[in-house]
Amino acid sequence: GVGFKAGVKDYRLTYYTPEYNTKETDILAAFRMTPQPGVPAEEAGAAVAAESSTGTWTTVWTDGLTSLDRYKGRCYDIEPVAGEENQYIAYVAYPLDLFEEGSVTNMLTSIVGNVFGFKALRALXXEDLRIPPAYSKTFLGPPHGIQVERDKLNKYGRPLLGCTIKPKLGLSAKNYGRAVYECLRGGLDFTKDDENVNSQPFMRWRDRFLFVAEALFKSQAETGEIKGHYLNATAGTCEEMLKRAVFARELGVPIVMHDYLTGGFTANTSLAFYCRDNGLLLDIHRAMHAVIDRQRNHGMHFRVLAKALRMSGGDHIHAGTVVGKLEGEREVTLGFVDLLRDDYIEKDRSRGIYFTQDWVSMPGVFPVASGGIHVWHMPALTEIFGDDSVLQFGGGTLGHPWGNAPGAVANRVALEACVQARNEGRDLAREGNEIIREASK
């Protein structure tokens, strides 16, 4: 007789295992599931575990040639989401053997590659991943990390200041370099290529790199401080990207940047390796993130993209702001900011952190706050993000009625005033506006 019956089989018979005790080497995932009407939560959770690991819709002859029990993903817990009808958090454990070492690309292909189009689900969102040290140790992570970057730049005890050069498209290389110089001379630490500045007809990358390097060295000589500009090395091929990074290194600039989602994790990890080997810092921009993380009930939360980036490698990552948003969002933002820069982060559901994450000794990433912030936000930003952050003001620098350099001066003065006030024990939340007003005299 035949060894098994043909036909469609319930996933939960194999993949829903509430009695399973997770191993410390397992990769754990928390999924927010919205099953189709009539699909039980256990079946939906089991389906997610199956389709993102060893399963298919039926038993196959070749299942007999391997040990499913050793390799299968397991849905080990399901809890309803408070305040939502028909939404559940499904917890899935994956054996470490399912993943290629040192490949964020493979990890994401396995966990979120296929299952999100699954018919039995109306929507699915990966809320969090627990990366065990046994896996994270196969990655080198950020090229340098927060501490090494501070040492390279010789800047301590305060957040760093940046500015994206606007108008982001249309300036010639010479004028672009001039704008960079004005900002850095005024007191910023960094300026930045916009994420869509690559190598367009109005400004080819090589010309931009040259004029920006000139601006860096001139402003460095005048201020006696180390200056940087995130030169965007993102390109259409990995070879071209590395060629741009090599040229940046030959010019002697301190930092390059990459759009890690549009460029892809494979390209990003290659660039991070190059930067580590050649002493370049790496700024990461998250262009395209909202396509993935904007919907509450479908996609991937940004904290998952942030963890993936820390493994793939970057020294800065743009992480949005918290100013003027809702309180709850502030806690969640701080949750993934800590996941980026701390060694050990406790599970805390109020901050959106579903698992305790131990990064062991993997270097941290500077979160970059940018997007619609200006000098009056400085007290709040200093208080919320603390010292290990980069505060990036685009329009908040270049929009100064007297020009870029005075705009940069205003930001630097405000930052120094806030840091000093905090160190003297003043309450930034209460006295913030007063502190800025005093400083502006």
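In case you wondered, yes, glycine gets a Cβ from its N, Cα and C as well.
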Since Swiss-Prot lists Asn114, Thr164, Lys168, Arg286, His318 for substrate, which candidate among Ser67, Ser219, Ser361, Ser370 does it give for that site as well?
Ser370
Cα within 10 Å of Asp194 (Mg(2+) binding site): which of the recorded positions Lys5, Asn114, Arg286, His318, Ser370 qualify?
none
For the recorded positions Lys5, Lys168, His285, Arg286, work out the Cβ neighbour count at 10 Å and name the residue with the minimum.
Lys5
What's the CA to CA span in angstrom from Lys192 (Mg(2+) binding site) over to His318 (substrate binding site)?
12
Rounded to a whole number, how many Å is the Cα of His285 (active site, proton acceptor) away from the Cα of Glu195 (Mg(2+) binding site)?
7
Please tell me which one of the binding-site residues listed here (Lys168, Glu195, Arg286, Ser370) sits closest to Lys5 (N6,N6,N6-trimethyllysine), measuring Cα to Cα?
Arg286
Give the residue from the binding-site residues Asn114, Thr164, Ser370 that has the most other Cβ atoms within 10 Å of its Cβ, counting over every protein chain displayed.
Thr164
At the Cα level, what's the spacing in Å between His318 (substrate binding site) and Glu195 (Mg(2+) binding site), rounded?
11
